[in-house]
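Listed in Swiss-Prot:
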- 22-215: domain 'Lon N-terminal' (DOMAIN)
- Gly367, Pro368, Pro369, Gly370, Val371, Gly372, Lys373, Thr374: ATP binding site (BINDING)
- 602-783: domain 'Lon proteolytic' (DOMAIN)
- Ser689: active site (ACT_SITE)
- Lys732: active site (ACT_SITE)
- 787-812: region 'Disordered' (REGION)
Amino acid sequence: MTGIEQKTPVGGSETGGADGLYAVLPLRDIVVFPHMIVPLFVGREKSIRALEEVMGVDKQILLATQKNAADDDPAPDAIYEIGTIANVLQLLKLPDGTVKVLVEGTARAKISKFTDREDYHEAYAAALQEPEEDAVEIEALARSVVSDFENYVKLNKKISPEVVGTASQIDDYSKLADTVASHLAIKIPEKQEMLSVLSVRERLEKALSFMEAEISVLQVEKRIRSRVKRQMEKTQREYYLNEQMKAIQKELGDSEDGRDEVAEIEERITKTKLSKEAREKALAELKKLRSMSPMSAEATVVRNYLDWLLSIPWGKKSKVKQDLNFAQEVLDAEHFGLGKVKERIVEYLAVQARSTKIKGPILCLVGPPGVGKTSLARSIAKATGREYVRMSLGGVRDEAEIRGHRRTYIGSMPGKVIQSMKKAKKSNPLFLLDEIDKMGQDFRGDPSSAMLEVLDPKQNATFMDHYLEVEYDLSNVMFVTTANTMNIPGPLLDRMEIIRIAGYTEDEKLEIAKRHLLPKAIKDHALQPKEFSVTEDALRNVIRHYTREAGVRSLEREVMTLARKAVTEILKTKKKSVKITDKNLSDYLGVEKFRFGQIDGEDQVGVVTGLAWTEVGGELLTIEGVMMPGKGRMTVTGNLRDVMKESISAAASYVRSRAIDFGIEPPLFDKRDIHVHVPEGATPKDGPSAGIAMVTAIVSVLTGIPVRKDIAMTGEVTLRGRVLPIGGLKEKLLATLRGGIKKVLIPEENAKDLAEIPDNVKNNLEIVPVSRVGEVLKHALVRQPEPIEWTEQENPTAVPPVEDEAGASLAH
């Protein structure tokens, strides 16, 4: 083979005395004896090169076991000096780069020294000769070895019985000793010791010694296994007899038990205030139960049914508190702000105090995460004196989870509504249906349609669960649902009273942190109020620079972080107290995560700040436009959905129709391409409320007039230049305030909504209502575009279409 130095033949003499030069193959976890044919898998580069070398000469290699199997590149002193000279019978390269080789041991050899060869291990070694010995003694030993080996194989199931037949036919006692040694389950050093012994008599004695020790251990193992097996058989027999005895006892004495059980159920039916239909159903099932064998499967189904029917509350009502002042105190103590919700609850209690026939209201609290929708429901239950049960609808896809499974199915149960009523133990609890906008639907049905019956005040008095098969009155239940968005099926939405919970203002968050989050953090972390304090300025900085959310969930996490670090500091430094101020805040929370009140440094052409409303609150939306030489195409990017792309198209058409008024020569549209991009391309965006921002960006690009950096805007635009109203005004104004922008343009028709905006928000912003695009440009552009005179050419070019770009939803 190429690259082989032909100085000395690789492969030495098998006669004793003279050393031969051999390529060495270090072995891991195996000792190869003479007369053995063994397959080996070789993966190390040096070993593969050694094999390739010997395949090119006379196919002999020295197999020597290394002392540490974990050593990838063993040094000469890490390899045992006694090895086996072997013939390479077959060599096969595998696809993964390793080599499968079949070797046959021929003779023992002793390594005298290793060469300095680096590409593979190479050593001088001499084949070892066996000494002459007493043939009679060896034959006697051999017979004992064969006999013991037969017993060993019988006890050790890992060795094939055919090996015994092969061993008994071997006439060469040296080969017999090596064959037996290779099959013994002994450690590598012990096998190496067997290889190192030249005397056949000593090898046979060692094999005999190892086998006798192993046979005694294997016999003990066999006895243990037999004892365990007998014990298991005895246990199983006892279990079987016990079960038989129980069955016989049931047959003999169950008539008494059965009568007692039936009598108990009958008594429960009498005491429970069931409806007429439910009582008839219960008595009919009881009659069936009387005629059944108590141990039958049908009897178990009937008993479970009656247990469910009698366990749910029938006419058991909590006494609803009607003290309006108490209710107001509870709601105010546990939640700051949320005036509309509190007002609605107090109104309900006031009406209930005058009329007992009023049905429970079905409220739907819609707002971003972390504003307190779920915790508010618990406070309402406390204020009204009702039991509180919660059912999460997130990810519910099966109608049976609402209405239950029919009794024909094995293991059927009532739906979650009836299960929750059983848990409440009263027929008029406050029932929270959490995340109602997260319900899905699939081939098993539409759970939102099943909820129609639950949430309709005129239908839920006769709610029918598939398992119970009788009507159950839910009209006294006070249902409260929560959702992040209004993405709820229309018929379901129509049955609920929507109460929007907008995001909190900075001052509201500050009050919540002082009144609720800080005391909670102190309590949860086993601190004393004097040990841990946070200044008002520090809390305000946490709100501004470490959180950006509509709710207070992230704010709570940051306050908890401060408390944890305070506890750690007190225990480590033995301080008596930790005070967090705006100066040392970054030592505890790290670098600021968000900018507050910092806007881009200069007015730019084609860069407009729009406003977006998402399910997690309001956001600033940067809109960028550029113009380049082209053929009048318009490109839109930024993961925009259809409504937003149509809004850009309408804005472009409006600007083109009024080009002369904006000082733009109409032919410019056919000679230039415009690219409108909304950054953060990974976030899907949709909605029409960025219309006036799109118009401003396009006009700025075409005229070269910069847009003011300190102004934000929101409003839908029409082809006639009118500005239409938008939703989510409070959330958008809060986002404007967070972003440090002082002036905001809103549609004139939204001016009436300003009455519901907190005064501290309105006082910190200059809010300008606008009704037409002209007013928008007057406020937004650094200077007004100058109209020009233009004579229209023949065959005017049509407005180019907007190119499609894919995207997903984000409401504006």
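Backbone N, Cα and C define each Cβ position, glycine as well.
Recorded features from Swiss-Prot, shown on the structure.
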residue	record	Cβ within 10 Å
Gly367	ATP binding site	27
Pro368	ATP binding site	23
Pro369	ATP binding site	15
Gly370	ATP binding site	20
Val371	ATP binding site	28
Gly372	ATP binding site	24
Lys373	ATP binding site	26
Thr374	ATP binding site	16
Ser689	active site	28
Lys732	active site	28
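Same-chain residues that are not part of Gly367, Pro368, Pro369, Gly370, Val371, Gly372, Lys373, Thr374 yet have a Cβ within 8 Å of the Cβ center of the ATP site turn out to be Leu365, Thr482, Asn484, Ile501, Ala550, Gly551, Arg553.
When the Cα atoms are compared, Ser689 (active site) and Pro369 (ATP binding site) turn out to be 23 Å apart. The secondary structure of Lys732 (active site), as reduced to three states from DSSP, is helical. Rounded to a whole number, the distance between the Cα atoms of Lys732 (active site) and Gly372 (ATP binding site) is 20 Å. The CA atom of Pro369 (ATP binding site) is located 16 Å away from the CA atom of Lys732 (active site).
Annotated pair Gly370 (ATP binding site) and Lys732 (active site), C-alpha to C-alpha distance, rounded: 17 Å.
Across the structure, Lys373 (ATP binding site) and Lys732 (active site) place their CA atoms 20 angstrom apart. Averaged across the domain 'Lon proteolytic' (602-783), pLDDT in this predicted model comes to 88.
Rounded to the nearest whole angstrom, the C-alpha distance between Thr374 (ATP binding site) and Lys732 (active site) is 24. Residue pair Gly367 (ATP binding site) / Lys732 (active site) shows a Cα separation of 14 Å.
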